[in-house]
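Structure first, then comments.
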Amino acid sequence: MSQTVTTREPATRPARRRTGRPWALIVAVCLVFGFLYAPIVWLALVSFNDSRTVSRFTGFSTHWYAELVQDERVIAALGLTLRIALSSAVVCTIVGTLAAFGLRRTFRGRGLWTVVLTLPLVVPEVVMGVSLLAFFVKLAGIPLGFWALLAAHVAFSLSFVVVVVRSRLAGMDTRLQEAAADLGAGPLTAFRTVTLPLVAPAIAAGSAFAFLLSFDDVVISSYLTGVGSTTLPVFVYGQASKRGVSPEIVALSTAMVGVSALLLLIGVAVVTWRARRVGRRVDLTVAG
Amino acid sequence: MPRLTDEPPGGFHPVAERTPDTYAPVEVGIYGVTKCFSDQVAVDGIDLQVHEGEFFSVLGPSGCGKTTLLRMIAGFADPDSGRIELDGVDMVGVPPYRRDVNTVFQSYALFPHMTVWDNVAYGLRRKRLRGAELRRRVAEHLELVQLARFAKRRPTELSGGQQQRVAIARALAARPRLLLLDEPLGALDAQLRKQMQIELMQIQREVGTTFLYVTHDQEEALVLSHRVAVMNAGRVEQVGYPEDVYERPSTRFVAGFIGTSNIMDVKVSDMDGEWLELTGGGVERLRAVLPDGHSARHGQQLSVTVRPEKLHLYDADGEEQPPPGWCSLAGTVADVVYTGMSTQYVVDVPGGDSLVAFVQNTRRISDAGTPGQPVRMAWDPEFTVVLDSPARGGAEPAEAERTKEEVH
């Protein structure tokens, strides 16, 4: 019997190597993804639990979600969060894009400006929150709430937009602008017809970044929320720390994850759709 | 070995009638243009005139300032001093989008987010062309570069040669007075280059636009151009017809940069009218015609050059010997390289130099010399070219043309 094995082995081994699955790799990947997503999946399951305790599953129910929609505090917090996230994204996109373009030119102190602009990326959030609180309230006299939150969110999101747009600009051939000018396009026309369309994806990515950063910020926002003006993440954090993990909070968290995931899926879908549209047009040309 | 008797005596005279372009008005006039970058002089007092409808090449090694010169004509940079005239109007300070000049970039610089059609239409749209007229002009230029069926593609979906053609169509579509080409064939492989050279030449003859072509490839410049300017270290070394620049290089640099050259340092030993008798390392007899309008004196140090294909090889003690009056030189064969059409001989001559000779493979291969064999090299003295004559400046050929112009 051992003889048959040895004779068969040389023939089967190369084939098995090619077609066989890398089990160790698959296991490792599963472990990593399990580590990342198991808590979220568990959260989603618990949010549909009928019971008030989160440790025991008694039956399927959506009434925690129903309660959520009726909770005025949640609706108010959601409204404020969205208003701030949108406003912050708009401000960051405009200012950040302009800054990215400005930093493309060489001028004295450009290195310093670059460092200053990207510093918020490395300053600890707690420190930033404390300093923003001290500055806005004590020094500048801005009341806590919407404006203070907006200013703070712009302050920490701006650098992301600058970094994303700058990297796109750096990868762009400056000859393209020269070619546009060469063909008779003034600076504004060249920007509108060549530069902007090429940088648009980076600007879109930057603004999405700014929106999400603002949407899920807890630490800095928690310093600056005023009475009756709480953002959703701060509200969740407050509820969880006061009363422990209640089913309402679990449902709210699941809803937030759902919304974020949905936004991500839409983004991916748009990108693939655009890519495919270009591809299809090519196919048509070849056929015709 | 027959002597070429159909050439005029006293050196090579280019057939000026071949290119009526040089009698045309000056399209681009460059007068004393200088440009420095921080502490380095990129372009150093250049004078050049390019005539309407001419295919003019600026040839030089990388870093010689040829691209800087081109960028100044396009308007991407302004000279520190001097004038750049387009059709007689000084263009210094005029932004590129107000100059009637278009550029074909080395990297093509096609707009990646537009189709081929939109790329070609770009310049026309800036000129406010719309509708049927726009479509007609774009179609016409796509036709010119044979890319009509690729109109709806993106530049990234084309091969290098096709992208190059799009760049040419885009630059020509707006019908500029002058087309600047910055090493446009640099990124293509050898075979495609040859093909594109021919296409470029045909396109230029077809549209009649003035082409100013920058390249480091001497063959390209010689093949394509009506006239060539050879640049080195920010200066123009020589301007002339391709034959002129090749057959009568005016400086040591031009002789060395274009083709292979045998450069010898010699001394004037005698003068007979326009003929100079020269002596130096290993030379038995060396004669050269003094270039027009120059003088020489006894004992003056000179550099002379002779092209390798002008040299004839003789067995040192064979029956056949060079015709009387030819320049001749004894040496020993150091190396023989068979290159198909011709054989390249490297011959060591007394004094430590070695000369290169190209001999057409018209004889039986067994007759070829072998290393160590003593040989005599000889050539018609008309092909000896005197270099580095002090009074011969880079702008001289252009001056000569102007006088021609006045005569007419």
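The backbone N, Cα and C atoms fix where each Cβ goes, glycine too.
Positions annotated as domain 'ABC transmembrane type-1' by TrEMBL: A:78-267.
With a threshold of 8 Å between CB atoms, the same-chain residues lying at least 6 positions outside the transmembrane segment (A:23-45) that come near it are 57, 250, 253-254, 257. Here TrEMBL flags A:23-45 (among others) as transmembrane segment.
If you look up TrEMBL, you'll see A:74-100 (among others) marked as transmembrane segment.
Feature annotation from TrEMBL assigns transmembrane segment to A:112-136 (among others).
Proximity of distant same-chain residues to the transmembrane segment (A:142-165), defined by a Cβ-Cβ separation under 8 Å and at least 6 residues beyond the stretch ends, is recorded for 80, 83-85, 87-89, 91-93, 95-97, 99-101, 103, 117-121, 125, 128-129, 132, 136, 199, 202-203, 205-207, 209-210, 213-214, 217, 220-221, 224-227, 229, 231. For A:142-165 (among others), the entry in TrEMBL reads transmembrane segment.
Marked as transmembrane segment by TrEMBL: A:194-215 (among others).
Feature annotation from TrEMBL assigns transmembrane segment to A:249-271 (among others). Through the fold, the transmembrane segment (A:249-271) approaches residues 40, 43-44, 46-47, 54, 64-65, 67-68, 74, 208, 212, 215-216, 232-233, 236, 239-240 of its own chain, all at least 6 residues removed from its boundaries and within a Cβ separation under 8 Å.
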Close approaches to the transmembrane segment (A:194-215) from elsewhere in its chain (Cβ under 8 angstroms; 6 or more beyond its ends): 81-82, 84-86, 88-90, 92-93, 96-97, 153, 156-158, 160-162, 164-165, 167-169, 172, 176-177, 179-180, 185, 232-233, 260, 263, 267
